[in-house]
Amino acid sequence: MVIANVSPIHEFASIENVNCVSSGNSNDNKNWLKEIKLNHLTSSQQQQVLELLNKYNNVFAQNISDLGECGIIKHTIQLTDDIPTRQKPYRVPYNLKNEMKNQINILLDAGIIQPSTSPYCAPGLLVKKCDGSFRLVADLRKLNSKTIPDNFPLPKIDEMIDQLSGAKFFSTMDLTSGFHQMSMHPDHMHYTGIATEFGLFEYKRLPFGLKNASASFQRLMSIVLAGLSDLQIACYIDDVIIASHNFQDHLQRLELVFQRLTAANLKVKPSKCSFLQFEISFLGHTVREEQVLPDPKNLDSIKNTMPPRTKKQRRGFAKTSKAPVQRIPTTDFPFQKCAFDAVGPLVTSTFGNKFIIVISDYFTRYAEAYPVPNIQSSTVARVLLDFISRHGIMETLYSDRGSNFLSEAMMEVYQRLGISKRHTLSFNPQGNGLVERLNKTLIDTLSHLVSETQEDWCQHLPLALMAFRNAYHRTVEETPAFLLYGRDPVMPYDLIFSDPVRTYSDTPSYAQQLVNRLQSTYTLVKNNL
């Protein structure tokens, strides 16, 4: 396996005291500073940014020869067995032989690889990068197949994007050949043998293509940037993003990141950095103030995709065309989208009821529950009309595929009322999860209220509903009753503690305050749904 040996976090409380090995090459060429795009800032702001970048000029590396080596943690490899993996070198096209020799010399001079006598060897090959240059890598698939996984988690991209909400300024930095800046453990370098027609070598730094490399590097960066997440500073492997609401805060956060990178002897690539932008591309997203969009480059690649012709192409296209990972908010006001379901049969109540028909609103989570003797279509229609008389006609109504919900009579009701009827897949009640969870809550609550015969459940149903409507819901961050009425209902415990009730001079003033309160609350709910 490839797992980095990590000492407890508290041992790295003072990162400045960590012994890191420097490459010894200082970046004296400051021409890249002229290429930084800062035209959207004022002259004074541009000057402050350039002074900061010039102050920390040594944190930038334009090529591999400028890389440092970080020794905070060293990458280790643990395997399922001790049998060496061996493969012959791949044949290199004649026109690329000099390029491979050149790449080997560059890595040797930079101290990234060294000559080896290892029994392990993986074939080396050249991979073309986005800028047209080449990178020497090893085909480590055989070694990876017997490597024990490192389960250190990578950050969730959607949570990282959420962390940037409300920011005005954004900066992104990409480490120069990030993996090559992390040390390999000396006892595990021989596992990374790379065979070429120019000899056998092994990696002194973390190689690309190695299983667990991403997890190990993420662990390193989590130590380097520890404690900065509350400052809207995040890192995904070797990509760092910094956000802030104002210019001065952003400069301070930039300097803080530069200090951490300098202490860890990590370098970033100037050509892949953006500083104090109003809009940036990050992990496939275009991020700007109060808005996150898909990266146009990714959309163009999908739009320009040729029709798949082979089985492999069709499989790849299917993965690209999958449904969005992030939820798309579609509910803008109460009772626009509702769901209903039936619970039972239960013990026949003293009123002759055996079922409960529940209807819940997606926006406020407000719910109604009706005890009924049966769930025939005529009964369901009566309940639906009673609900509409209280709350109005919904645009969309969800249910399972029960015949009582999809009968010809009910479909006629939906059509006449202009309701868009949606239903879940067969044998998949989780598709209507909102009311399924409500059903469980009501039944659990009733089980604590009913008598031994359980025939009085119908009498306790209003109390169970009252508890549900006035309970805090984490998703909407309020109670359903408050979201619907704009105030908290007077509850029995209010009578005990005699909480003062706010009074209003007249009806219009109350109405205006109610509107203002609901508008701010609904905005919060829309952001959470």
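Positions of Cβ are set from backbone N, Cα and C atoms, glycine also.
Model, not experiment: these values are computed from the prediction.
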Practice problem: Among 22-46, 297-321, indicate the range for which TrEMBL gives the feature region 'Disordered'. | Solution: 297-321
Quiz item: So, by DSSP, how many helix, strand and coil residues make up the region 'Disordered' (297-321)?
Solution: 17 helix, 0 strand, 8 coil
Practice problem: Report, as numbers and ranges, every residue of the chain located at least six residues beyond the region 'Disordered' (297-321) whose Cβ falls under 8 Å of a Cβ in that stretch; write 'none' if there are none. | Solution: 281, 284
Quiz item: Along the domain 'Reverse transcriptase' (108-287), what average pLDDT does this model show?
Solution: 89
